[in-house]
Each structure stands twice: as structure tokens, then as C-alpha cells.
Amino acid sequence: MNMIIPIFSLFSLLFSSSHGAIQDFCVADYSAPQGPAGYSCKNPAKVTVDSFVYSGLGITGNTTNLIKAAVTTAFDNQFPGVNGLGISLARADLAPGGVIPFHTHHGASEIIIVIEGSLCAAFVSSDNKVYLKSLKKGDIMIFPQGLLHFQLNAGKSNALFFVAFNSPNPGLQLLDYALFGNDLATELVAAASFLDPAEIKRLKAVLGGSG
């Protein structure tokens, strides 16, 4: 009986150390079929250094839109080198009054760092507690995986922040578009959300929904 615990511990150690990578990288092969685990690996003989470099985040996004904000991503479908590595990045530009509306990332936690301007940012836990903070240049904030969160530029100048995710493709669902960008009948949305049907119709018209 006394031998069971040491043996179990040894097997736990062996199995816990058996998940190391068996290859250096898995650059996304966009010409091959994509499966549930992501993109297939490109033949390493055809991989160049350009697969590991991405310049898209150096470009200011266009904020002349409904939300006065722009998000530029460096996920596995734009940046093949992050495929399989459990990381990705994004850039967010917000004009004064700009907002990244309530949304979730079902596949990753998020951390942001403010580069320019100031933000009001928050997430809501599963027990509906709000974690709200005013952020300034140099501040960082974490948004746990799957929780609703937003970022708002309440200042008088443009704001810029960079985002890191612990997934090559964190996924995204915007709450407003989930509610009003769909083709569910207005009566069903009203019954499920307790919102006024007239307001639902107005928001569907704005966000491209129908029904």
C-alpha cells in the first residue's frame, strides 16, 4: 500500500512531461484543409523567416465607423507563424468616444497595455460583479477567458492599446451583434431579452439584422 503513492507520483511525472512539442513550429499552411485543431503545418522546408514576421500592427486603424474604433488582428489566419503556439496579438485604435462594445473571447484570456490616451475598461464575472477601471498610458489589464468585457475611450484624444491572447485564434462574439445582427423574429428577441420590440427593430436596422 505504501508503494502506491510513489508509483502514482512517478507515472504522473512521466505523463505530465510527455506533452512537449515534437517539432519546432507549425507554420499555418493556408492551402491545406483546416481541422478542429487549426491549420495544418506547412512543410518546414518551405518555411521562411517571413512566416515569423508581421507588420500589420504598425498601421493605424480606420476609426470612421459606427463604434469609432478599429481592431487589427495578428491571429493565425493573418500571421501564419503563431499557428500552434498558443499566442496572438491585436491592435485597437479608438477615436474620442470610441468603444470596443461588450464582447467575449471563448478561446482565450486577454491582456491589454495602453500605449496612448486613456480608457475606461471593465469585465463582468459570472456572478455579475463588475470589475471597472480607468486606465492610462502604461497600464495593463487582464480580461479572463469567456467573460463579457469592453473598452471605452472617454478621453478627448485618440487612444491606442495592444492586446495579447493565449491562443492563436481567441474567437470573438460581440453582444450587440449577437442580439440584433441576427434573423431571429423581433418578438422572440423581445421575449428572451425583456427589451422593447420597437428598440429591437431600430437596433436590427442599425446592425444589419432582420426579422
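Using the three backbone atoms N, Cα and C, a Cβ is placed for every residue, glycine included.
Where the annotation comes from TrEMBL, it is an automatic prediction and has not been curated.
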Of the candidates Cys26, Cys120, the one sharing a disulfide with Cys41 in TrEMBL: Cys26
Binding-site residues: His103, His149 - member with fewest neighbouring CB atoms within 10 Å: His103
Extra residues within 8 Å (Cβ to Cβ centroid of His103, His105, Glu110, His149), Mn(2+): Thr104, Phe123, Phe143, Leu147, Leu148, Pro170, Leu172
Counts by DSSP class (helix H/G/I, strand E/B, coil) across the domain 'Cupin type-1' (55-201): 25 helix, 56 strand, 66 coil
